[in-house]
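Encoded as structure tokens, the structure appears first; notes follow it.
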């Protein structure tokens with residue numbers, strides 16, 4: 001870690017209250033592959049992406065969610081538990097948890113990802129959260145993960161069990177827009193951009209011809225979903 005990287009790692013610990021014995025683990029958890037690739041190409045060999053931690057974190061998360069379900073819902077059918085487990089460990093939920101702790105603010109991203117909104121992209125936030133879980137597990141053990149996140153995941157799991165959890169932002173946005181404007185929202189592909197050789201789709205969601213949000217993604221579908229999420233959250237905020 002260089003000094004500027006160490007400063008961000010220390011700021012993360014101060015802001016979240018999650019303190020690491022081995023700060024290198026935390027640094028690695030916050031390093032997106034785009035940043036690691038840039039640094040490696042610049043001659044640094046000490047920067048590793050969070051992909052391996054994400055791999056471990058996926059397994060830690062599954063155990064964590066399964067344990068909550070096993071203890072809290074002893075009468076539930078296995079099929080129902082599997083459905084809820086899948087929803088509770090979904091990209092959408094992990095991105096929600098990440099936003100709540102402001103995880104995106106501390107991520108190390110390559111220039112291309114930074115420019116195309118990667119800091120607030122569901123997939124990047126979810127992957128980083130899994131990497132963070134693995135880093136905490138390796139640094140402080142499984143009980144620390146339960147101490148930090150059990151209450152929050154119990155909240156989401158309960159809402160999923162009750163059928164109250166909303167993941168389909170496009171459907172949710174359509175319901176609001178049609179009730180208020182009597183027309184469905186439109187999704188318009190406005191351009192594509194290049195990011196480290198990959199295509200990034202840029203989609204606007206419009207109501208009566210007026211753009212209310214813009215989303216970016218590696219596929220048109222992902223960009224539409226991101227635009228719908230931003231528009232939905234914007235409309236909810238305006239209503240409150």
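Including glycine, each Cβ sits where the backbone N, Cα and C put it.
Among the features that Swiss-Prot reports, domain 'RNase III' is placed at 9-141.
Cβ-based neighbour count (10 Å, all protein chains) for residue 54 (Mg(2+) binding site) stands at 21. Residues annotated as Mg(2+) binding site in Swiss-Prot: 54, 127, 130.
According to its DSSP assignment, residue 58 (active site) is helical. According to Swiss-Prot, the active site annotation covers 58 (among others).
If you look up Swiss-Prot, you'll see 130 (among others) marked as active site. Around residue 130 (Mg(2+) binding site), the C-beta neighbours below 8 angstroms that are at least 6 residues distant in the chain are 53, 54, 57, 58, 60, 61, 94.
Among the features that Swiss-Prot reports, domain 'DRBM' is placed at 168-237. DSSP assignment over the domain 'DRBM' (168-237) gives 31 helix, 28 strand, 11 coil.
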Practice problem: Would you find the one among the recorded positions 58, 127 whose Cβ has the most company, meaning other Cβ atoms within 10 Å? | Solution: 127
Self-check item: DSSP-assigned states of the domain 'RNase III' (9-141) in counts, ordered helix, strand, coil
Solution: 98 helix, 2 strand, 33 coil
Exercise. May I have the list of same-chain residues other than 54, 127, 130 whose Cβ is within 8 Å of the Cβ centroid of the recorded Mg(2+) site, in sequence order?
Key: 50, 51, 53, 55, 57, 58, 126, 128, 129, 131, 134
